[in-house]
There are 6 protein chains.
Amino acid sequence: MPYVDIKVAGTLTREQKAKIAEEITDTLERIAKKPKSYTYITFHEVAGENWAVAGELLDSD
Amino acid sequence: MPYVDIKVAGTLTREQKAKIAEEITDTLERIAKKPKSYTYITFHEVAGENWAVAGELLDSD
Amino acid sequence: MPYVDIKVAGTLTREQKAKIAEEITDTLERIAKKPKSYTYITFHEVAGENWAVAGELLDSD
Amino acid sequence: MPYVDIKVAGTLTREQKAKIAEEITDTLERIAKKPKSYTYITFHEVAGENWAVAGELLDSD
Amino acid sequence: MPYVDIKVAGTLTREQKAKIAEEITDTLERIAKKPKSYTYITFHEVAGENWAVAGELLDSD
Amino acid sequence: MPYVDIKVAGTLTREQKAKIAEEITDTLERIAKKPKSYTYITFHEVAGENWAVAGELLDSD
């Protein structure tokens with residue numbers, strides 16, 4: 001029963017999300033023996049204004 | 001001090017969210033003895049493109 | 001595909017967790033029409049030293 | 001490697017988010033000795049319809 | 001700046017976690033063009049008593 | 001109603017957690033006008049074996 005939550009700064013195409021989900025689900029099956037149907041993955045695309053690194057929002061100049 | 005985070009694929013009506021929040025808060029009061037005012041609940045409606053099961057996005061054909 | 005994450009301050013008995021999981025899964029089936037088998041729930045029991053309200057850890061005197 | 005996730009009911013201005021990120025990153029450096037560049041912070045502004053306290057959505061009358 | 005949080009029911013060996021982290025970081029670099037050093041991954045191993053599916057704790061008979 | 005979840009690699013003393021909670025709650029009151037009593041903060045101390053950066057667990061040699 002893996003649950004994987006992925007937060008990325010910026011956006012991903014549907015294509016990228018489909019491929020990432022496929023690969024991570026495969027990784028968890030091969031390495032951790034988790035049946036594919038058990039794995040839930042959610043994506044959360046976070047705007048630069050809502051993500052800070054080193055104390056600065058990512059959309060700062 | 002319960003904090004409950006609910007992620008659902010797709011959307012819920014305001015009506016559904018109101019009823020779910022009421023019932024879960026009641027459950028936590030009856031079973032876990034948590035005063036109602038202590039319970040925070042957040043809803044996060046996730047688009048099919050952002051939720052994968054078994055390695056496939058939910059909006060796949 | 002609901003995923004529900006429950007954080008509580010302190011501990012719950014196995015009995016309480018079983019009953020809470022049963023009721024919340026039932027709530028999501030009745031109100032949101034989510035098949036029971038789709039619902040994942042995780043519990044996270046947080047020590048008082050790791051939960052603050054109003055700027056004070058819950059295990060403060 | 002701190003990761004801080006901030007959920008607020010309602011919205012914040014970009015100005016408020018920039019200042020909050022700056023202060024929290026500074027707090028973690030001064031108190032916990034975490035280098036500023038290690039700290040990731042994400043903001044999630046939650047609509048009143050998606051946040052319940054005491055069993056009531058925040059946008060209830 | 002991806003942040004990936006992985007919850008699994010049960011435990012993983014250090015070996016499995018190392019391999020999973022390596023593969024997911026690689027996936028995010030290849031597919032989403034995220035530099036490896038940007039990716040944070042956390043693992044959370046959840047006891048069967050703290051994970052429910054279909055309204056039943058995973059350690060139920 | 002802010003909810004702040006803090007994950008750190010390694011451990012913090014109770015003293016550090018108390019001070020961090022106090023400062024963050026104060027920041028949210030001053031900058032975002034959130035009454036102190038509304039702010040919940042949880043700490044989660046993550047072992048090096050459960051946190052990866054750049055594809056490597058933090059407890060790697």
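Note that Cβ sites are derived from N, Cα and C of the backbone, with glycine treated the same way.
Listed features, source TrEMBL:
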- D:2-58: domain '4-oxalocrotonate tautomerase-like' (DOMAIN)
Within the domain '4-oxalocrotonate tautomerase-like' (D:2-58), count helix residues (DSSP H, G, I), strand residues (E, B) and coil residues, in that order. 25 helix, 19 strand, 13 coil
What average pLDDT is reported by the model for the domain '4-oxalocrotonate tautomerase-like' (D:2-58)? 98
